[in-house]
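Trainee: Questions regarding the structure given below will be posed in turn.
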Amino acid sequence: MTRDENNEGFVRDTPTDGKRLEPDGGSPAGGSGDGASLGDLLDGDARPRWLNDILIIVKATIVVYGLFIVLGLAAGLDFNGIVSTLQQVTLLAASFALVVLALNLHWGYTGLFNIGVAGFMAVGAYTMALVTAAPDATFPGLGLPLWVGVIAGLVASALVGFVVALPALRLRADYFAIVTLAAAEMIRLVFNSSALHEFSVLGVELGTGSGQGMSFPNLRNTISRELLYVDGDPTAEPTLFGRPFMAIGDRLELSISVVEGWVYTVVLVALVALVFVVITRIGNSPFGRMLKAIREDELAAQSLGKNTDRVKIKVFMLGCMFMGLAGIVWQGRRGYVDPNLFLPIITFYIFIALIIGGSGSNTGSVVGALLFAGLLFEGPPFVQRIVDATFDLPHPPTVYDGAVALADFDPIPLLGYAVAELPNLRFVLFGAVLIALMIYRPDGILGHRNEPASPIDLTRERAPSEREPTVADGGENDE
């Protein structure tokens, strides 16, 4: 059984009693099932794979949104506050989804255990900052347009991936992971170095601010306003693209900041969808099947004459480029970048999201990112804010003080301490979720899905006109 789910269908692991296995979403002939009943269409037996995947993501989104809406209403948030909260959760989930998809290309498809994800995100974010920051800023940059900075960040991330891949890909498993982790920490320490606080290249003054970080044009504000207003001027008329957003905002009485936030979020969601399609197409291509062959048995792939080193370098560079893109859109919304935003814990978060969704599954990557960002990462601080605003709980300084009160049959101080420490206690929640997954769902939510080796349905009976002629067919004029 393989871990991937990116072809047209997957083989069910159920007894068939002599019947051939069907791809999910297809008829025995491999089509959409002309004789499928309405019930089959509704229960998923005859739905195409892409529609099933969309429905899975939509259902997960509804669950996350529903929980935040219920909590927001319980806390007395107004409509604008609830919509703003949903926008922030969606933005965070989309940012995680982008980098989890990139990691899935490395680990899920190719078996490359890359735990230096945060470093490649930092390369993309810092490159864009250096290219777009104003020349007269406290820590100057080149002052080029944002689109130039984004392209430069992608290229730089891919090139750094190439440099890291050359020595690292000679290693396997844990040793490869150690090299990528070391590379990520070296990248972070370079950006944190006082030598790059301010420096000059060919007479051009630049600076990263080292540990202080550096500011650059806010990607969120720039993109939102360029799409919403003519010439990006908030005082001007809305553009053709921006009119529906402004109309909805006026109708629902949303603030301008919430509308602008949703515009950037929609752009980011569209970017995630594009990367999803690209990686899925890669998985269905001959190159993608080569990646899976390397993951399953690299020696066997080499014995068939395949240059596995070249393939791994290509896919490593591609994945690093997507990680750089994730760093750009994630930190670009703040207009500020700092080495401490790319600590190794970021890579840990991304792996948790991929493990939740299921390694090898693009749909699982998106679902895992959504559930992690919404329920595990953003959920506990949101609950803490709601409880603090709703109840007047005591906040003992230590857990010992809360335990002493509990011994006197007063659980309120301990509860108050737990609520105050919810942002830190979420790490305990991370561990509990991972333990539960390892026991009950080791492949993740969707990691159990697998697919036939061929991207086409080999069970479909081809018409004689579609088949190549063979010797057994005889000649056209045979009597």
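Even glycines carry a Cβ here, placed using N, Cα and C.
Just so you know, TrEMBL annotations are computer predictions that nobody has curated.
Annotations for this protein, taken from TrEMBL, read as follows:
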type	residues	note
COMPBIAS	1-23	compositional bias 'Basic and acidic residues'
COMPBIAS	458-470	compositional bias 'Basic and acidic residues'
REGION	1-35	region 'Disordered'
REGION	451-479	region 'Disordered'
TRANSMEM	54-74	transmembrane segment
TRANSMEM	86-105	transmembrane segment
TRANSMEM	112-134	transmembrane segment
TRANSMEM	146-166	transmembrane segment
TRANSMEM	261-282	transmembrane segment
TRANSMEM	313-330	transmembrane segment
TRANSMEM	342-359	transmembrane segment
TRANSMEM	423-440	transmembrane segment
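How buried are these features, and what lies next to them?
Mentor: Tertiary neighbourhood of the transmembrane segment (86-105): same-chain residues 64-65, 68-69, 114, 117, 121, 258, 261-262, 264-265, 268-269, 271-272, 275-276, 279, 282, 315, 318-320, 322-323, 325-327, 329-330, 333, 349-351, 353-354, 357, 359-362, 365-366, 368-370, 372-374, 377-378, selected by CB-CB distance under 8 Å and a gap of 6+ residues from either end.
Residues 99, 102-103, 106, 140-146, 148-150, 152-154, 156-157, 160-161, 164, 169, 173-174, 176-177, 179-188, 191, 206, 208, 214-217, 219, 312, 315-316, 319-320, 323-328, 330-332, 337, 339, 341-344, 346-347, 350-351 of the same chain lie 6 or more positions beyond the ends of the transmembrane segment (112-134) yet place their CB under 8 Å from a CB of it.
Same-chain residues lying 6 or more positions outside the transmembrane segment (261-282) and placing a CB less than 8 Å from one of its CB atoms are 6, 83-84, 87-88, 90-91, 94-95, 97-98, 101-102, 104-105, 109, 219-220, 223-224, 227-228, 242, 245, 288, 291, 318, 322, 325, 329, 333, 362, 366.
With a cut-off of 8 Å between Cβ atoms, the residues of this chain six or more beyond the transmembrane segment (313-330) that come close are 95, 98-99, 101-103, 105-106, 109-110, 112, 114, 117, 120-125, 127-128, 149-150, 153-162, 164-166, 169, 219, 268, 271, 275, 282, 287, 291, 342.
A Cβ distance under 8 Å defines the sequence-distant neighbours of the transmembrane segment (423-440), meaning residues of its chain 6+ beyond its ends; these are 352, 355-356, 376-377, 379-381, 384.
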Trainee: Any residues 6+ beyond the ends of the transmembrane segment (342-359) with a Cβ under 8 Å from its own?
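Mentor: Residues 3, 5, 96, 99-100, 103-104, 107-108, 115-119, 121-122, 125, 181, 184-185, 187-188, 327, 365-369, 371-373, 376-377, 430, 433-434, 437, 443-449 contact the transmembrane segment (342-359) from elsewhere in the chain.
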